[in-house]
Amino acid sequence: MAEPESRQHIVIQSRDSQLALVQTHFVRDAILHQFPQLVVEVRSGKSLGDKVLDVPLAKIGEKGLFTKELEDALLNHEADIAVHSLKDVPTSMPAGLALGAILERHKPQDALVLRPDLSHLRLATLPAGAVVGTSSLRRRALLAHQFPHLKFCDVRGNVQTRLRKLDDPRNGFTALVLAVAGLQRLGLDQRVTEILENDGAHWFGYAVGQGALAVQCREQDERILPLLHHLHHYETAQRCGAERALMRELEGGCHAPIAVETTIKQTSDGATILTMTAAVYSLDGFQCVKDSLSGALSDAEALGRKLACTLRDSGAGPILVFIQADHEVGVAEHRKVVAAIQSQMDSV
C-alpha cells in the first residue's frame with residue numbers, strides 16, 4: 001500500500017444530524033489512527049430527506065434521499081469521502097462513485113422505545129390501539145403482520161426530535177421503533193426498552209444494510225482508496241452484498257416493505273456458510289411472502305439474487321407491482337412540494 005503524502009488534506013462530507021456526525025467522526029478517527037500524518041476535515045449539510053419532513057419518505061419519490069447531496073460533493077470534487085448509513089445508500093449509485101469500504105456491522109436489529117411512563121410494557125403486551133411511531137414502511141408492515149391490533153403513525157426528524165415527540169403525551173405516541181445501532185452510537189442505550197429479536201413465535205427482520213456504515217468515494221481514486229482498505233470488513237460486506245443484491249433484484253427500496261436477516265456459520269469442514277432470510281410484505285402487512293436460502297459466503301450476491309427470484313415466484317411479484325402503482329400515485333401528489341424544496345436547496 002502506498003503511503004499517503006505528508007499532511008495530505010482529506011475532506012469528508014456528512015449530513016449535519018448528530019447521528020451522521022457521530023458516524024462520520026468515527027470514520028475520521030479510524031483513518032487518522034492509521035494515518036496520523038493526514039489532515040482530515042469534516043464538512044456537513046442537509047440532505048433532501050432532512051429538509052422534507054412533512055411528506056412520508058415513501059411518497060417523496062426520489063432515490064438517495066439522504067445521500068444525493070453528499071454524492072454531488074464527491075462528483076464536484078468538493079469532498080473526497082462521504083460517510084453513509086448503508087441502509088440509506090441506493091443499490092445503484094451515480095456513475096463514477098463507489099463504496100470504498102463497508103465497516104464492521106453493529107447490531108442490525110430494531111429496538112422498541114416506550115414512552116417513559118409506559119416502560120413496564122413490552123411489544124407483546126402493548127394494548128389494542130397503542131400508537132407506534134415509525135417512518136419506515138418495513139417496520140410498519142412487519143409489525144402490523146404480527147401485531148394487527150396496533151396503530152401506526154408516521155414520525156420524522158432526527159433521533160432526538162422523535163424521542164421528544166414520544167415523550168410528550170400530548171402527541172399520543174405509545175412507542176417508537178428505531179435502529180439499535182443508531183441509539184447505541186448516540187449513547188442512548190438507556191432508551192432501549194426491548195431489542196426486537198427472533199423468539200420462535202415472531203420474526204423481526206431488519207432493513208437491508210442496517211447497522212453498517214459505508215464510506216463512498218470516487219471510483220478508482222488512487223489517492224483515497226488506499227486510505228480506506230483497513231476499514232473494510234469482509235464478512236459484513238458479503239452479508240450486506242447479499243441483502244443489497246436481493247433488493248436490487250426485487251427493485252425494492254424505501255418504497256417496499258422488505259425485511260432481511262443474514263447469519264454466518266462455520267461448518268465442520270471449514271466452509272463459511274451464509275444463511276439469508278427475507279420477507280416481502282404488503283403495505284398493510286396483511287400479506288407476507290418469506291423464505292430462506294443458504295450458500296457459500298463467497299457467493300453472497302448470487303445467493304441474494306436467487307432468494308429474490310424465489311420470493312417473486314412465491315407471490316411477492318404481485319405485491320411489489322401493487323406497491324409500485326400505489327407509490328407512483330402518491331409521488332404525483334407530493335412532487336410539486338418536493339420540487340419546490342429541492343429548488344430552494346439548489347439555490348443556496
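Glycine residues also receive a Cβ, built from the backbone N, Cα and C atoms like all the rest.
For the domain 'Porphobilinogen deaminase N-terminal' (10-224), the model gives a mean pLDDT of 92. As annotated by TrEMBL, domain 'Porphobilinogen deaminase N-terminal' applies to 10-224.
Taken from TrEMBL, the feature domain 'Porphobilinogen deaminase C-terminal' covers 238-312.
Taking H, G and I as helix, E and B as strand and the rest as coil, DSSP gives the domain 'Porphobilinogen deaminase C-terminal' (238-312) the counts 29 helix, 28 strand, 18 coil.
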